[in-house]
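A.B. asks: Pasting a structure below so you can have a look.
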Amino acid sequence: MHFPTTKLVLVSVLTLMIISHASSLRFHYINSHNFTTKTSTSSSSTTSARRSRTNPSLALVHRDAITGATYPSRRHAVVDLVARDNARAEYLTRRLDPAYQPAEDLGRSEVVSGLDEGSGEYFVRVGVGSPPTEQYLVVDSGSDVIWVQCKPCDQCYAQADPLFDPSSSTTFSPVSCGSTICRTLSTSGCGDAGRCQYEVSYGDGSYTKGVLALETLTVGGTAVEGVAIGCGHRNHGLFVGAAGLLGLGWGAMSLVGQLGGAAGGAFSYCLASRGGSGEAGSLVLGRSEAVPEGAVWVPLVRNPQAPSFYYVGMSGIVLGDERLPLGSGVFQLTDDGAGGVVMDTGTAVTRLPAEAYAALRDAFAAAVGDLPRVPGVSLLDTCYDLSGYTSVRVPTVSFLFDEGATLTLPARNLLVEVDGGVYCLAFAPSSSGLSILGNIQQEGIQITVDSANGFIGFGPSTC
């Protein structure tokens with residue numbers, strides 16, 4: 001992303017996140033002219049880097065590095081981000097609301113990738129076939145099916161890489177209609193020569209249709225054989241230049257689900273901080289590398305209505321040293337699948353139920369005192385002009401999870417710059433009871449998903 005910018009940098013040891021079962025830090029002091037100092041890295045992350053060749057490790061690249069998007073100003077970039085973000089959040093609300101039903105004759109897979117759905121914020125480079133054809137795939141932690149556009153293509157959208165040609169791969173093997181893998185799909189059919197056909201559709205009218213096959217994927221230099229992928233011959237939509245999608249959801253068809261014991265049912269990721277050193281984030285597969293010592297573990301919560309998504313149990317929010325006065329059930333996942341707190345890499349700005357957001361916004365505004373307020377930008381309604389300040393004090397924000405774990409966010413994960421020296425609180429109200437922990441709040445924190453044992457871990461490393 002290229003645009004004029006004024007930067008903010010943490011100026012003390014508060015660059016480090018705090019992840020613990022107790023925290024005494026109440027305020028961050030920030031330099032309002034530079035907010036992007038690279039976060040310090042603990043010794044555990046150094047050790048992990050030395051061992052990173054043991055299991056597949058991939059660079060997580062932001063979409064703007066792929067699309068080459070340019071904007072006349074930071075405000076234009078933020079407005080574009082907010083538009084994608086609104087669409088993604090509204091899609092999740094529809095998808096995770098018990099009353100939501102897909103349109104008739106459309107696939108029910110949880111894949112979400114279209115630009116109009118606000119997805120496609122992070123990409124990885126994966127080799128498809130033998131010999132491997134390098135492709136950029138969207139990473140989606142709320143999706144299961146893995147797919148790429150394929151030749152011959154009856155209908156394809158523009159992508160950054162050449163189309164994958166299954167006839168040039170020695171390991172491409174179509175799946176038969178009667179196979180167990182084909183029956184695993186929610187929507188499948190039988191095509192020519194008894195080949196299993198798949199179809200995935202999206203809320204914005206985007207779709208992919210084609211043949212399900214077993215293929216070799218080269219992930220971080222490691223060849224993984226026999227992965228079930230969709231080979232899409234008819235694809236429509238705005239997919240931001242990606243060749244397809246890499247599903248990392250909690251279902252059997254996701255990459256983690258298919259790898260099973262090979263990956264130990266675990267993966268970790270770290271989203272690089274905005275405006276940092278320019279380094280990519282990382283995605284690591286495999287229990288020995290992905291599951292670190294010293295992480296704070298929070299139980300995952302399964303939503304039977306949306307089993308591919310990773311929910312966490314959250315009990316409250318603390319701002320400074322005051323717990324926000326919220327109703328006891330504001331973050332609860334109900335028996336019919338409504339509400340709850342879902343982790344999502346495709347949503348940027350964290351969404352909270354209206355009651356929780358109003359309490360956070362008002363408490364934050366009271367804590368920062370007389371900092372000059374300025375008009376909001378779309379859903380970002382709590383904004384300040386910090387251009388005239390050398391240093392400002394902002395309160396800490398901590399998420400309280402079930403079983404006593406606490407995640408205190410780094411200061412850089414609280415605010416987003418929308419213009420030269422103008423910063424807005426990077427939270428927004430949800431249009432329903434659903435809470436979404438977005439990628440701005442996840443940036444710079446090592447996050448580990450141990451789907452086999454039902455836990456998600458925060459830390460101890462940073463990126």
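Note: Cβ is positioned from N, Cα and C throughout, glycine not excepted.
Please treat TrEMBL annotations as automatic predictions, because they have not gone through curation.
Feature annotation from TrEMBL assigns compositional bias 'Low complexity' to 37-49. The feature region 'Disordered' is assigned by TrEMBL to 37-56. Among the features that TrEMBL reports, domain 'Peptidase A1' is placed at 122-459. According to TrEMBL, the feature active site maps to ASP140, ASP344.
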A.B. asks: How many other Cβ atoms sit within 10 Å of the Cβ of ASP140 (active site)?
C.D. replies: 27
A.B. asks: Can you tell me the CA-to-CA distance separating ASP140 (active site) and ASP344 (active site), as a whole number of Å?
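C.D. replies: Answer for this pair: 8 Å between alpha carbons.
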A.B. asks: For ASP344 (active site), which residues in the same chain are close in space, meaning a Cβ under 8 Å from its Cβ, but six or more apart along the sequence?
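C.D. replies: Within the chain, ASP344 (active site) has Cβ neighbours under 8 Å at ARG88, LEU92, SER141, GLY142, PHE309, ILE436, LEU437, GLY438, ASN439.
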